[in-house]
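See structure below.
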Amino acid sequence: MNDPYQNNDRYPYQTNYPPQEEDAASDATEGADEDEQMYEGEYQGVPHPDEIKEARRAARLEAKRKARLAAQQEEYDEDNLPEQYETIMEDCGHGRFQWMLFVVLGLALMADGVDGFVVGFVMPSAEKDMCISNSDKGLLGLLVYVAMMVGALVWGGLCDKMGRRKCLIYVLSIDLLFSFLSCFAQSYGFFVFFRFCSGFGIGGSIPIVYTYFTEFLQMDKRGEHLSWLCMFWMLGGLYASFTAWGIIPHYGWGFAIGTEFQMHSWRLFILVCLFPTLAALVGVFFMPESPRFLLESARHDEAWMVLRRVHDTNWKAKGEPERVFTATNIKTPQTQEDEFIEIQSDTGTAFQRWTVRHMTMLQQVMANVMSLSAPDLRLQGLFLAIVWFCLAFSYHGLGVWFPDMIKYMQYEEYESKVRIFHRERVERFHFNFSLVNQVHREGEYIHDKFANIEIKSVKFEDSLFENCYFEDIKSTNSFFENCTIKNTVFYNTDLWQEKFKDCRMENTTFLHPKKGCHLNFQEENDIVIYLVSFLGSLAVLPGNIISALFMDKIGRIRIIGGSMLASSACTFLLLLSFSQGAVICWQCLFYGASVAAWNGLEVISVELYPSSKRGTAFGILNGICKLAAIIASFIFAAFVGITKIIPIFLAFSALVCGGLLALKLPETREKILS
């Protein structure tokens with residue numbers, strides 16, 4: 001007899017066997033094993049319990065399989081975003097839109113370049129208006145660099161959460177406002193505060209500009225066009241040097257309201273330096289947000305509109321307006337942080353919502369910073385940071401050493417021509433001619449008159465002034481030391497307490513003293529300093545062109561390593577700098593050789609990190625650069641006039657170390673933005 005259970009899909013009541021009598025059926029099953037007995041529920045069409053369990057188990061396995069496939073597909077879609085975005089950018093092409101953005105962001109970079117020169121150019125004049133001491137001058141330069149370092153760290157992190165365009169508007173607005181206010185600051189304290197705030201703003205421009213522009217470029221255009229963008233920093237230096245030479249020496253280009261408010265030429269120079277910032281700020285308002293940032297923030301529709309605008313602008317300019325933007329599905333999953341912010345945005349008071357949003361944003365920025373220490377980013381990030389530090393240390397250190405060395409050579413040359421007068425006695429004489437570069441020791445001046453003259457670099461030591469009269473005197477770097485002054489009148493002069501060191505005054509009168517230092521602006525603002533800065537900025541042009549043309553051909557690593565090693569060789573030529581002309585020549589050669597390394601570092605820094613961390617990482621690297629500049633400025637300046645060997649050795653060692661380490665960095669020439 002055939003077993004009716006061999007067919008699992010059919011039950012016995014479904015068979016075509018002829019019906020059996022009740023006794024026959026009973027006989028057929030009599031004596032059968034318990035395991036072979038038929039489940040009585042099958043006569044009513046009820047499945048066996050084991051079959052129910054098996055069906056449920058199969059359903060669970062199928063559900064897990066589908067969930068696993070869905071998760072794999074979602075992960076694939078996320079991993080596929082870089083390739084998809086690169087394909088879309090290639091479809092959009094490179095054209096009018098990128099060139100418009102290039103000019104706008106270039107102006108922002110130019111504003112940063114101008115700000116790097118402003119303090120150095122105005123300080124010789126500002127110290128005269130506000131009588132700034134040497135220690136205070138050093139403090140101003142230090143605070144500005146500290147502000148720029150902090151600005152790079154803060155704004156680099158914020159642009160990954162708030163957006164590239166919004167943060168760039170903020171930094172340019174801060175720089176514009178406080179630079180404008182610094183033009184009118186009459187006290188040193190307010191001037192330092194306004195320049196500090198300005199530095200905090202413009203310090204964030206470099207990380208934002210490079211991150212912003214990179215995300216509108218396709219892979220085969222990034223290296224070249226980011227290198228061309230670096231030329232605007234050079235233009236900033238040229239603009240600042242040229243306008244400083246044309247404006248600052250003209251001390252009469254200004255006005256005064258009484259004796260409390262003075263608007264001299266150096267303040268006008270700061271106003272003129274605001275033009276690149278103002279132009280960049282206006283231009284950014286007409287530019288869209290980075291579509292890559294919008295996609296990372298789950299703002300898909302906005303990203304699609306921006307990409308379509310890029311596509312239509314480029315192809316319309318190329319004479320193909322009929323081309324259709326075909327990208328339709330460019331979505332990324334929403335993050336938990338975004339969902340949390342959205343939930344909280346509709347609850348509580350306005351202040352509570354503002355607090356939640358900004359505290360959450362701060363937590364996200366800090367999480368971004370901590371994520372840079374992940375194992376896959378830690379080692380290459382450390383190497384990159386060391387290379388940044390080495391290049392910045394040598395570049396900015398020598399950048400301080402070059403002009404200081406020129407000034408020292410000028411001073412030595414000037415000192416070699418000093419005239420010394422010893423124990424002279426002058427009685428009843430009218431000094432109506434200027435006294436320049438002189439030293440008078442143990443002299444006696446009786447019933448003498450000094451009127452309408454300039455006293456420049458003159459020192460009176462252990463001398464006697466009796467019954468003398470000083471009127472309308474301008475003094476520059478002139479002092480009275482250990483002198484005795486009796487029955488003498490000072491009328492309308494700038495000779496005041498700081499000019500008299502350990503002097504004895506007897507019946508001496510000061511009438512209508514001039515407030516402020518009132519030194520000679522025309523003489524102190526030597527055109528050589530502006531010329532040095534102008535030529536140094538212009539010298540980087542060949543290096544910029546070469547790096548732009550070969551960045552995508554030979555790769556970032558070879559550009560960085562080769563440039564730093566070539567720059568290290570140039571430092572040895574500084575041992576031959578025995579004149580001002582030689583120093584200027586070697587300075588130009590060094591700047592021209594090292595600029596390619598800067599361009600390569602900036603390109604690889606934006607390519608190495610993922611979009612969600614790109615601004616944060618670049619901000620940290622740029623902050624390290626500013627820190628290196630601060631350290632180098634103190635070290636290199638300390639050896640001016642003492643020895644050339646130590647600064648040259650330090651610069652050489654840093655460049656060789658950084659150049660060799662740069663060869664260990666990963667090549668990103670063919671890397672799609674992750």
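Along the chain as shown, residues are numbered 1 onward.
Glycine too: its Cβ is placed from the backbone N, Cα and C atoms.
According to TrEMBL, the protein has these features:
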COMPBIAS  1-18  compositional bias 'Polar residues'
COMPBIAS  20-36  compositional bias 'Acidic residues'
DOMAIN    101-671  domain 'Major facilitator superfamily (MFS) profile'
REGION    1-36  region 'Disordered'
TRANSMEM  99-126  transmembrane segment
TRANSMEM  138-155  transmembrane segment
TRANSMEM  167-187  transmembrane segment
TRANSMEM  193-213  transmembrane segment
TRANSMEM  225-248  transmembrane segment
TRANSMEM  268-287  transmembrane segment
TRANSMEM  382-402  transmembrane segment
TRANSMEM  527-550  transmembrane segment
TRANSMEM  557-578  transmembrane segment
TRANSMEM  584-604  transmembrane segment
TRANSMEM  616-639  transmembrane segment
TRANSMEM  645-663  transmembrane segment
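Here the domain 'Major facilitator superfamily (MFS) profile' (101-671) has a mean pLDDT of 82 out of 100. Counting same-chain residues at least six beyond the ends of the transmembrane segment (584-604), those with a Cβ under 8 angstroms from any Cβ of the stretch are 206, 210, 222-223, 226-227, 230, 234, 384, 387-388, 391, 394-395, 398, 402, 406, 531-532, 535-544, 546-548, 551, 556-557, 559-560, 562-564, 566-567, 570-571, 573-574, 576-577, 621, 655, 659, 662, 665, 668. Contact between the transmembrane segment (138-155) and the transmembrane segment (527-550) is not supported: fewer than 3 Cβ pairs lie under 8 Å, counting only residues 6 or more apart in sequence.
If you look at the transmembrane segment (193-213) against the transmembrane segment (527-550), you find fewer than three C-beta pairs under 8 angstroms, all six or more positions apart, and that falls short of contact. If you count C-beta pairs under 8 angstroms between the transmembrane segment (527-550) and each of 167-187, 225-248, 268-287, 557-578, 645-663, the highest count goes to 225-248. Here the transmembrane segment (99-126) has long-range neighbours at 132, 137, 140-141, 144, 168, 172, 175, 179, 191, 195, 198-199, 202, 205-206, 208-209, 212-213, 216, 225, 228-237, 239-241, 244, 248, 251, 264-266, 269-270, 273, 276-277, 279-280, 283-284, 286-287, 403, 521, 524-525, 529-530, 533, meaning same-chain residues at least 6 beyond its ends whose C-beta is under 8 angstroms from one of its own. Residues of the same chain lying 6 or more positions beyond the ends of the transmembrane segment (225-248) and with a Cβ under 8 Å from any Cβ of it are 94, 98, 102, 105-107, 109-118, 121-122, 125, 209-210, 213-214, 217, 265-266, 268-269, 272-273, 276, 521, 525, 527, 530-531, 533-534, 536-538, 540-541, 544, 547-548, 551, 595, 598-599, 602-603, 606. Tertiary proximity for the transmembrane segment (268-287) is limited to same-chain residues at least six positions away from its ends with a CB under 8 Å from its CB atoms, namely 100-101, 103-105, 107-108, 110-111, 114-115, 118, 121-122, 165, 168-169, 172-173, 175-176, 179-180, 182-183, 202, 236, 239-240, 243-244, 247-248, 253-254.
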